[in-house]
Amino acid sequence: MKEKIVLAYSGGLDTSVAVKWLIDKGYDVVAVCLDVGEGKDLDVVYSKALDMGAVECHIIDATKEFSDDFVSYAIKGNLMYENSYPLVSALSRPLIAKKLVEIAEQTNSVGIAHGCTGKGNDQVRFEVAIKALNPNLKAFAPVREWGWSREEEIDYAIKHNIPVGINHDSPYSIDQNLWGRANECGILEDPYAAPPKDAYDLTAELEDTPDTPDEIILSFKNGVPVQLNHQDYDLDQLILTLNELAGKHGIGRIDHVENRLAGIKSREIYETPGAEVILKAHKALETLTLTKDVAHFKPVIEKQFAEQTYNGLWFSPLTDSLKLFIDSTQQYVEGDVRIKLFKGNAIVNGRKSLYTLYDEKLATYTKEDAFNQSAAVGFIDIYGLPTQVNAYLHGGYSNE
């Protein structure tokens, strides 16, 4: 009896070529494809995997689990790698790894294969997550073992009649889920080259966007959006709805050169219309509900959490601790945020909360002012005392 290997199967170039390669190596291939909200035709993926020779193909709808258990933390934690990338692909990898391990254990497979190259982030994310969940499973990386270029993979696919939907003229590598879309390769590898129109799919060109804005209200509870325009939504459906609504206004385009885990720089094109709207709204609400010290310290945790996620360390003691901190800050992040969507911009123009720490009577400069301005004298004396003592000792700072 042949040994079984579970393959993370997307139906794209790398994993389609990997099916044939693993079969030629003498393994039975168990293909696994997760739906995490990318809008892919899963019936086609299922049939394609079996046509390629896989002995089984498991299609798993994980969209809700992805949104509730992973994307929710990206929202509560305002997660952005290098202040630019909202972790579109990185967020889905631990969930995919989790499901791969579950299928491997159910089918008595000896290991798990993926279609990642030897210089990308995903090889690390998958293999570290798999070892964290089941250290006895072997990892197989056919594309890394070949060391082939993308052109050589395409040639191999053409030679063996493997349908992959791309060619030498359009060699994009695309990854998509409900949190956004990532695109690389081809002309995008030149960081000075303007992305062609066909590099985008979720967002409209600015010249094609409506000349009338849309104004929406997002309602949050415990740091997560639960309503759009006062209508209840599950998180996954709310994100998908915002992707369409914000996308038509050209919102969410990111052209970013990022520092990969493997030490190289990579130019990536991201489209994250729903994510941009939600994250802006969430940050706006936090300005009302977080105390000053929490608001100033939380970004330190957010940065570490984003790097943990990007670097494939979701299943780790540190990440568990970071999640606990983030959750502890979100108890009172509840309220409404009003946002205008127009010409590539998501503009926050109002926010309110029952738990607001903003006191208009303390903030106002009108006669309704309740702030005790005379208290400022003593505060300034005490606050500035170290500076004053230093000046007495050293003669003060020169104006020169």
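Each Cβ is built from the backbone N, Cα and C atoms, and glycine gets one as well.
Annotation source Swiss-Prot lists ATP binding site at A8, Y9, S10, G11, G12, L13, D14, T15, S16, G115, citing sequence analysis. Counting only same-chain residues at least 6 apart in sequence, those with a Cβ under 8 Å from the Cβ of D14 (ATP binding site) are G115, C116, T117, V143, E153.
Long-range C-beta contacts of N121 (L-citrulline binding site), restricted to its own chain and to partners at least six residues apart, with a cutoff below 8 Å, comprise S89, A90, R260, L261, A262, Y310, N311, G312. Annotation comment: Swiss-Prot describes Y85, N121, R125, S173, E258, Y270 as L-citrulline binding site.
N121 (L-citrulline binding site) carries neither a helix nor a strand DSSP state and counts as coil. The L-aspartate binding site feature in Swiss-Prot is assigned to T117, N121, D122.
When the binding-site residues Y85, D122, S173, E258, Y270 are ranked by how far their Cα is from the Cα of S16 (ATP binding site), S173 comes first.
Reported as a whole number, the C-alpha separation between S10 (ATP binding site) and S173 (L-citrulline binding site) equals 12 Å.
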